[in-house]
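Have a look at the structure below before the remarks.
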Amino acid sequence: MTSEVIEDEKQFYSKAKTYWKQIPPTVDGMLGGYGHISSIDINSSRKFLQRFLREGPNKTGTSCALDCGAGIGRITKRLLLPLFREVDMVDITEDFLVQAKTYLGEEGKRVRNYFCCGLQDFTPEPDSYDVIWIQWVIGHLTDQHLAEFLRRCKGSLRPNGIIVIKDNMAQEGVILDDVDSSVCRDLDVVRRIICSAGLSLLAEERQENLPDEIYHVYSFALR
């Protein structure tokens, strides 16, 4: 549990905000120096997501997606805009969202909203999104705030909509990264939080072909 590794919740959030403010608004910056894995990540995410967009009568719609912890829009540009009519982005770092407007280019016109907000304080509009994509950002929320955020996301899904979490998984327990002020949870902890948010796990998949030295990365589809 995050309560065991986070001594001061307020400082946990403020330190992360300060950390991201000094990160360059580039793909390499978004990926902590691992910009070269971006295509591997996006291609796997596309396959994972398309199984829900292609299903029969219960298939997920393609009207609007929400990119959480969007940064400069790496995922919006390469995964979401090609598949959805419109996308909203939310990130705590204003400079990233400003840079996104340049980075996204012409297709960026289909980004409806750029929300500058931490996810612990963000409430997505009810009944608005077919897909809510939450990647490499859940570690910046406490367990309680993550469960509460997922509940709010559940309420903002359109019929047959899904939430996707894609993130690092620890081998065991919860590990604090003091540099960027985030935590890495193991699979059981993440599944428990998902369950406590009243969500069902539709699919779970481990990302392949990543460098050996980084955490295992898993995707979860939820509803």
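Note: Cβ is positioned from N, Cα and C throughout, glycine not excepted.
On a predicted model such as this, the values are computed, not experimentally measured, just so you know.
Under the heading S-adenosyl-L-methionine binding site, Swiss-Prot lists G69, R74, D91, I92, T93, L119, Q120, Q135. Taken from Swiss-Prot, the feature N-acetylmethionine covers M1. As annotated by Swiss-Prot, N-acetylthreonine applies to T2.
Distribution of Swiss-Prot features across the structure.
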residue : record                               : DSSP (3 states)
M1      : N-acetylmethionine                   : coil
G69     : S-adenosyl-L-methionine binding site : coil
R74     : S-adenosyl-L-methionine binding site : helix
D91     : S-adenosyl-L-methionine binding site : strand
L119    : S-adenosyl-L-methionine binding site : helix
Q135    : S-adenosyl-L-methionine binding site : strand
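Long-range Cβ proximity for T93 (S-adenosyl-L-methionine binding site), meaning a same-chain Cβ under 8 A and a gap of 6 or more residues, is found for K17, W20, K21, I23, G71, C116. The least crowded of the recorded positions M1, I92, L119, judged by other CB atoms within 10 A of its own CB, is M1. Cβ environment of the residue listed as 'N-acetylthreonine': T142, D143, V174, V183, R185 lie under 8 Å away, each six or more residues apart in the same chain. If you draw a 10 Å sphere around the CB of D91 (S-adenosyl-L-methionine binding site), it holds 26 other CB atoms from the protein chains shown. Calculated from their C-alpha atoms, the gap between G69 (S-adenosyl-L-methionine binding site) and the residue listed as 'N-acetylmethionine' amounts to 22 Å. Note on the binding-site residues Q120, Q135: the fewest other CB atoms within 10 A surround the CB of Q120. Q120 (S-adenosyl-L-methionine binding site) sits 17 Å from M1 (N-acetylmethionine), taking the C-alpha atoms as the reference points.
Cα of I92 (S-adenosyl-L-methionine binding site) to Cα of M1 (N-acetylmethionine): a span of 24 Å.
For R74 (S-adenosyl-L-methionine binding site), the same-chain residues that are 6 or more apart in sequence and have a Cβ closer than 8 Å to its Cβ are V27, M30, L31, S38, I42.
Between the farthest pair of Cα atoms in the S-adenosyl-L-methionine binding residues (G69, R74, D91, I92, T93, L119, Q120, Q135), the distance is 22 Å. Around the Cβ of G69 (S-adenosyl-L-methionine binding site), 25 further Cβ atoms fall within 10 Å across all displayed protein chains. Distance from the CA of M1 (N-acetylmethionine) to the CA of Q135 (S-adenosyl-L-methionine binding site) is 20 Å.
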